[in-house]
Amino acid sequence: MTLALSLYLDALRFGAAFVVLLSHWAYPRFTDGRYIWIRDLNLGSDAVVIFFVLSGLVVAFAAHKKDGAPGRFAFQRMTRLWSVAIPALLLTLALDRGGAALWPAQYEGWFYEPLQSARDLLRAVSLTSQWGDAIRIGTNGPWWSLSYEAAFYLLFALWSWTRGLWRVGLLTVAVLVVGPNALLLMPAWIMGVALWRRIDRGDLPANGLYHAVLPPVIYVAGLALHLPGLLSGLTVALLPIRNTAVFGFSDEFVWNAVLGVLVYIHLTGVAALSRNERGVGTETDTASLGRVIRWLAGGSFSLYLLHYPVLQFAGPHLKGLGPVGDVAQLALACVVGYGFAAVFERTLPAQRRLLRGMLRRDQPA
């Protein structure tokens with residue numbers, strides 16, 4: 001993977017996280033409807049699909065070039081999620097419980113579902129909140145995507161490291177446990193896997209610029225023509241359902257699959273344009289712009305996972321300040337997210353070394 005492509009993927013990762021932040025910040029309860037057009041376009045949902053394509057690409061790259069064995073793959077993937085998710089869950093619970101106790105009316109609504117039992121807490125920790133009967137983790141709306149990620153990791157690992165009847169049996173059980181909703185968005189994730197395999201083979205288009213530019217144009221045209229809604233209407237017409245809400249966060253799964261293909265084509269073009277650039281780890285990786293992009297991307301998971309509880313805790317008190325309050329909410333979400341990342345997300349290598357040392361000490365002599 002070239003340096004230019006790696007930096008572009010990092011920029012896209014941060015951009016997607018920030019769009020999700022904007023999509024929640026645009027709720028009228030935070031900003032009085034001043035930015036409701038962001039909600040109307042449903043940009044946050046589209047940004048998560050971009051995340052899934054990037055995740056499939058990165059996971060396939062890691063499995064091929066770094067992990068090698070199922071045990072290492074599981075360790076790397078779950079520590080990546082849990083290193084941020086577990087402390088983020090604790091902070092979410094603290095903000096939610098504190099906010100609901102101080103300002104009960106502020107937490108009355110569909111957006112807040114307090115964890116009711118040890119089972120709910122276990123599902124939050126195990127990243128299975130959307131498997132089977134779905135639950136919301138307090139005010140942390142973005143948490144749903146972690147259960148999708150965990151499902152994709154599981155299914156990818158079973159496909160990669162099992163064979164024959166074992167593969168068929170284990171995949172069947174996993175699919176039944178995960179349930180249909182996560183599977184409806186898996187095509188976008190698979191696009192990322194396919195993209196990595198194409199990059200690895202060097203099978204990239206000759207006209208990279210065409211592939212890079214055309215998909216964003218098609219995407220904007222699709223939004224202008226209300227294509228997501230049209231596809232959802234077609235889905236309802238073809239299936240025995242009243243509306244696509246039965247699919248939970250996968251309610252636009254046809255549009256999401258189309259978007260996954262567009263992102264795939266776009267990134268093949270970007271990869272083609274960067275194919276003659278230097279590889280990751282060269283001295284140009286220390287250039288100022290590269291450092292900024294790496295830094296922003298390096299805390300994007302924390303920003304993604306924490307902004308909603310922070311907005312719910314502070315947003316209603318700041319919205320009365322108008323645009324100043326709007327900017328203050330964004331700034332607060334970023335400060336909390338990147339401050340959190342400094343403690344948890346950026347220390348992942350050290351956390352992994354510590355955990356490996358503990359696991360080695362526990363092994364019998």
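Each residue, glycine too, has its Cβ placed from N, Cα and C.
Where the annotation comes from TrEMBL, it is an automatic prediction and has not been curated.
Summarising the annotation, TrEMBL assigns transmembrane segment to 7-27 (among others).
Among the features that TrEMBL reports, domain 'Acyltransferase 3' is placed at 8-344. Confidence across the domain 'Acyltransferase 3' (8-344), taken as the mean pLDDT and rounded to a whole number, stands at 94.
Feature annotation from TrEMBL assigns transmembrane segment to 47-63 (among others).
Here the transmembrane segment (84-105) has long-range neighbours at 112, 114-115, 124-125, 127, 137-140, 143, 146, 301-302, 305-306, 309-310, 312-313, 316, 340-341, 343-345, meaning same-chain residues at least 6 beyond its ends whose C-beta is under 8 angstroms from one of its own. The transmembrane segment annotation in TrEMBL covers 84-105 (among others).
Annotated transmembrane segment per TrEMBL: 168-196 (among others), in sequence order.
Taken from TrEMBL, the feature transmembrane segment applies to 217-241 (among others).
The transmembrane segment annotation in TrEMBL covers 253-274 (among others).
Per TrEMBL, transmembrane segment is recorded for 295-315 (among others).
Under the heading transmembrane segment, TrEMBL lists 327-348 (among others).
Here the transmembrane segment (168-196) lies next to the transmembrane segment (253-274) in space: the count of CB pairs under 8 Å, restricted to residues six or more apart, reaches at least 3. The largest share of C-beta pairs under 8 angstroms with the transmembrane segment (253-274) comes from 47-63, of the ranges 47-63, 295-315, 327-348.
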